[in-house]
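Record features (TrEMBL):
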- 21-294: domain 'G-protein coupled receptors family 1 profile' (DOMAIN)
- 6-30: transmembrane segment (TRANSMEM)
- 51-71: transmembrane segment (TRANSMEM)
- 98-115: transmembrane segment (TRANSMEM)
- 127-150: transmembrane segment (TRANSMEM)
- 182-203: transmembrane segment (TRANSMEM)
- 232-257: transmembrane segment (TRANSMEM)
- 277-297: transmembrane segment (TRANSMEM)
């Protein structure tokens, strides 16, 4: 009971902070038109990053709106909202979480292709931005959501002599391992690998350019933007992994132990049930924290959110979706 009360309190704080933060980002970006891309000219890297961040805020905001419904069922052990809303709740909850991951993966792919390759000269930047997003939505959002909508339903359970309706995902036993493994692959493993590879390549590319410039300069000190680039990547990696790895561990562990016939390791274990309760909460914390990681820590976005005029001095390089770095390079000889 104590674990449920603690988790419920964290859910409430996450909902309050996350909805306010993401709503503030969305409203501020719409009012300042930073998510608007004129169709008559190619969009700049900063404009594409703003669009990604805007849609990320929308997806996270929608996910967080499902918290009151989930919290109500957890506390009352009852779903009073009807069968249609039960399936709609499951579809919105899972699709929003997966769509958020797809956006983060698409941002990393787009940054890698624009900064580290010659694709920006071969095809339109909008194509580079759109193709990973469309493919990710198809395989990571639409395909997993179909079983959710089909197999999520209201079940009636008897507890303490009373009937309780519960919104429950009842995927057949023979399909559950395959479905969970697929969602683990497209919702965590593949996006994490893609983001890791893209950001490692991005750091290596920036360091290579720095070494080339250093040969023609007397100063060997790393420029400020390289330090900010490294810190930004560390924040992205640690926050994303910390929120999603425990969630998928507690979802995949029963499947792995069952396949190895080690069910005794988890069956009836209190620590596993409490751990799963807390792990299921972490993706919502991820949705609440993305507005800080990708918006408030982004200089280009932050200056619009807090209504500061943009600076015209220096050159701006969008090195990461969470960092827009401005520096004044010395003239080359």
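The count begins at 1 with the first shown residue.
Every residue, even glycine, has its Cβ placed from backbone N, Cα and C.
Automated prediction, rather than curation, is the source of TrEMBL annotations.
Counting only same-chain residues 6+ beyond the ends of the transmembrane segment (182-203), those with a CB under 8 A from a CB of the stretch are 97-98, 101-102, 104-105, 108-109, 111-112, 115-116, 136, 139-140, 143-144, 229-230, 233, 236-237, 240-241, 244-245, 248, 251-252, 319-320. Confidence for the domain 'G-protein coupled receptors family 1 profile' (21-294), expressed as mean pLDDT, is 83. When each of 6-30, 98-115, 127-150, 232-257 is scored by its Cβ pairs under 8 Å to the transmembrane segment (51-71), the top-ranked stretch turns out to be 6-30.
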